[in-house]
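Below is one structure; the comments refer to it alone.
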Amino acid sequence: MRKHIAFASMCMGLFIAQLDIQIVSSSLNEIGGGLSAGKDEMAWLQTSYLIAEIIVIPLSGWLSRVFSTRWLFTLSAGIFTLMSIACGLAWNIQIMILFRALQGAAGASMIPLVFTTAFIYYQGKELGLAAAVVSALASLSPTLGPTLGGWITDNLDWRWLFYINILPGIYLVLSIPFLVNFDKPDLSLLKVADYPSIILLAMTLGCLEYTLEEGARWGWLDDNTILLTSVLALVSFILFAARTLTISNPIMDLHAFKDKNFTLGCFFSFSGGVGIFSTVYLIPVFLGQIRGLNAEEIGFAG
C-alpha cells in the first residue's frame, strides 16, 4: 500500500509540473495587461519554462544518484512551490520570466523520476498499468492546462494560475521524505562529475530551444543572434557527444541508443510530443491574438 501511495504522490508532482507548461497559454493577454508587457515578452513565459526544463531533465538521472530520488523529488517540489508563489507575486515581466525559468528547472526533475520509480516499484502487468497511468498524465496535463487556466483567470485572477500549486506542493514536501526510500544519496559523485559535459549540454539545449522559439520571428539565419545560437547549439552538441562517448564517467550514457527498442521508444515519444505540444501551444495564441477570445473561451475552444 505504501508504494502505491508514494507512486500516486509522485504522479501528482509530474502532473503539476507538466500542467504549468501550458496553464498560462490561454491567459497571456490578461497576464500581459497586469504586468504591462508586450506580446513578444509574453512568449517568454512559456519559453523560459521550457528551456530550463529541457536542460534539467537529462541531468535528472545523475542528480538522483547524487541526492537520491527521495530528496531530489522533495527539493524539486519545494523549489517549484516557492517559485509558483513568486510567479503569483511578480511585479513586472522580467522578474516573472526569471521565476518561470526557476519554476521550470525545479519541476523538471519530477517528471523523469516518476518513470524511474514506476520501474522500481512494479513488475509485469503492474508495470504496464503504471506506465500507462504516467503516460496518460503526461499527455493529459499539458492539454488540460489551457482549459483550466482560462477558467481560473476568468473566475478568480491570473495569479491563481500559480497559487493552485501551493497545496499540492506542500503535501509533496511533507510526504515524499516518508513515502519514498529505495535509494541512498552519494554526494561523492559531485567530486567526479563531468562538469564540462553539463555546461555543453546546457548550451546545446538552451541555444537550440531559443533558435526554434525565436527563429521564425527574426527571419531565422538572416538574424545574427539566431545564427549565433544555431552555431553554438551545433558546436556544443558535437563537443558534448565526442566527450560523452570517450570518457569513463559520462553525465549521460549515449551508448544507450545502441539499443533498438530504446531508440524507437525515444523516436515515438518525440513524435508524440511534437503533435501534442505544437497544437496545444499554437491554438491558444491564434484564438487570443487573431480571434480575440477571452481566457475562458480560449481554454474551452482549445
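Every residue gets a Cβ built from N, Cα and C, even glycine.
Keep in mind that TrEMBL annotations are predicted by a computer and have not been checked by a curator.
Per TrEMBL, the feature domain 'Major facilitator superfamily (MFS) profile' maps to 6-302.
If you look up TrEMBL, you'll see 43-64 (among others) marked as transmembrane segment. With a threshold of 8 Å between CB atoms, the same-chain residues lying at least 6 positions outside the transmembrane segment (43-64) that come near it are 17, 20-22, 24-25, 28, 31, 72, 93, 96-98, 100-105, 107-109, 111-113, 116, 183, 189, 193, 198, 201-202, 205-206, 209-210, 213-214, 251-252, 281.
Annotation comment: TrEMBL describes 71-91 (among others) as transmembrane segment.
What TrEMBL records for 97-122 (among others) is transmembrane segment.
Feature annotation from TrEMBL assigns transmembrane segment to 129-148 (among others).
Among the features that TrEMBL reports, transmembrane segment is placed at 160-180 (among others).
Note on the transmembrane segment (192-212): residues 47, 50-51, 54-55, 58-59, 62, 66, 226, 229-230, 232-233, 236-237, 239-240, 243-244, 247, 249-252 of its chain, located 6 or more positions outside it, place their CB under 8 angstroms from a CB of the stretch. What TrEMBL records for 192-212 (among others) is transmembrane segment.
Annotated transmembrane segment per TrEMBL: 224-242 (among others), in sequence order. Beyond its flanks by at least six residues, the transmembrane segment (224-242) meets 197, 200-201, 203-204, 207-208, 210-211, 214-215, 218, 254 of its own chain at Cβ-Cβ distances under 8 Å.
The transmembrane segment feature in TrEMBL is assigned to 262-283 (among others).
Long-range contacts of the transmembrane segment (97-122) within its own chain (CB-CB distance under 8 A, at least 6 residues past either end) are made by residues 3, 6-7, 10-11, 13-14, 16-18, 20-21, 41, 44-45, 48-57, 60-61, 63-64, 69, 72-73, 76-80, 83-84, 86-87, 90, 129-131, 134, 138, 180, 182.
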